[in-house]
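Participant: Mind having a look at this structure? Questions to follow.
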Amino acid sequence: MRVILCNTYEELSKNAAKLVASQICLKPNCVLGLATGATPIGMYEELVRLYNAGEIDFKDVVTFNLDEYYPISPDNPQSYHYFMNQHLCGRVNLAPENVHILNGETDDPETECDAFDALIESCDGIDLQILGIGRNGHIGFNEPDDALNTSTHITDLTESTIEANARFFDSIESVPKQALTMGIATILKSRKIILLANGKEKHDAVSQLLTEEIDTEVPATMLKVHPDVVLICDREAYGDVD
Ligand code: F6R
């Protein structure tokens with residue numbers, strides 16, 4: 001795993017955006033896997049800036065989001081549909097038919113998840129997947145467990161994730177208790193992966209990832225089997241601070 005250590009969140013965001021922009025320049029109809037949460041917001045800001053400067057074009061880019069709360073309406077400001085529209089899709093020329101986000105209102109989560117994996121396959125897989133990391137080491141919403149689901153699936157969120165994400169909701173009670181998420185195999189099939197981590201609250205998860213064996217109780221350690229992962233993190237997450 002290659003590590004790009006950054007001094008600031010701005011530097012982290014610019015480095016991540018530079019790699020995404022290069023992917024788009026190299027393959028204008030590339031398939032991107034995208035994450036939500038606080039960490040990639042700066043990267044999306046920078047991508048929008050590059051788009052407005054005429055440096056990248058999203059016309060033929062296809063996107064698949066990692067996950068969505070369940071149940072949730074796409075109009076809910078806390079939904080990942082809303083997030084993506086606010087931070088990227090509504091601000092660049094991504095074609096709506098090329099944007100794929102799991103439907104948090106489906107009555108049939110299993111069929112929704114199977115169809116999502118099949119659609120990724122039919123697009124010849126994900127070229128570049130962006131990931132954040134949970135404080136407990138989750139990626140997507142693959143939570144620590146004694147076994148991990150490989151394909152896209154519905155999952156219960158852990159107390160720690162519900163608490164961490166409560167900052168985005170009016171109250172902890174309004175955080176959905178479940179989510180639909182790409183599975184570990186879906187993520188690992190991506191040709192390249194960029195993992196973003198910033199802030200001291202991510203330090204434990206990042207150091208477990210870098211120093212420990214593969215362990216389903218720290219789902220991010222599964223990334224160790226992938227040949228092309230770049231971790232872009234700040235010094236607080238890395239633990240390299242005075
Ligand atoms: C979001 C996702 C999650 C987040 C993780 C970190 O699509 O899949 O795994 O990446 O919870 O979230 P932040 O960036 O808010 O700390």
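Indices start at 1 and increase along the chain as displayed.
Glycine residues also receive a Cβ, built from the backbone N, Cα and C atoms like all the rest.
Any TrEMBL annotation is an automated prediction that lacks curation.
What TrEMBL shows for this protein is this:
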ACT_SITE  Asp67  active site, proton acceptor
ACT_SITE  Asn136  active site, for ring-opening step
ACT_SITE  His138  active site, proton acceptor
ACT_SITE  Glu143  active site, for ring-opening step
DOMAIN    11-224  domain 'Glucosamine/galactosamine-6-phosphate isomerase'
Participant: Rounded to the nearest angstrom, how far is the Cα of Asp67 (active site, proton acceptor) from the Cα of Asn136 (active site, for ring-opening step)?
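Facilitator: Answer for this pair: 17 Å between alpha carbons.
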Participant: Taking a cut-off of under 6 Å between Cβ and any atom of ligand 1, tell me which of the active-site residues Asp67, Asn136, Glu143 pass.
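Facilitator: Near the molecule: Asp67.
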Participant: In the three-state scheme derived from DSSP, which category covers Asp67 (active site, proton acceptor)?
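Facilitator: In three-state terms, Asp67 (active site, proton acceptor) counts as strand.
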Participant: For the domain 'Glucosamine/galactosamine-6-phosphate isomerase' (11-224), what's the model's average pLDDT?
Facilitator: 97
Participant: Take the Cβ of His138 (active site, proton acceptor) and count every other Cβ within 10 Å, whichever protein chain it belongs to.
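Facilitator: Result for His138 (active site, proton acceptor): 26 other Cβ atoms within 10 Å.
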Participant: Taking just the CA atoms, what is the gap between His138 (active site, proton acceptor) and Asp67 (active site, proton acceptor) in Å?
Facilitator: 12
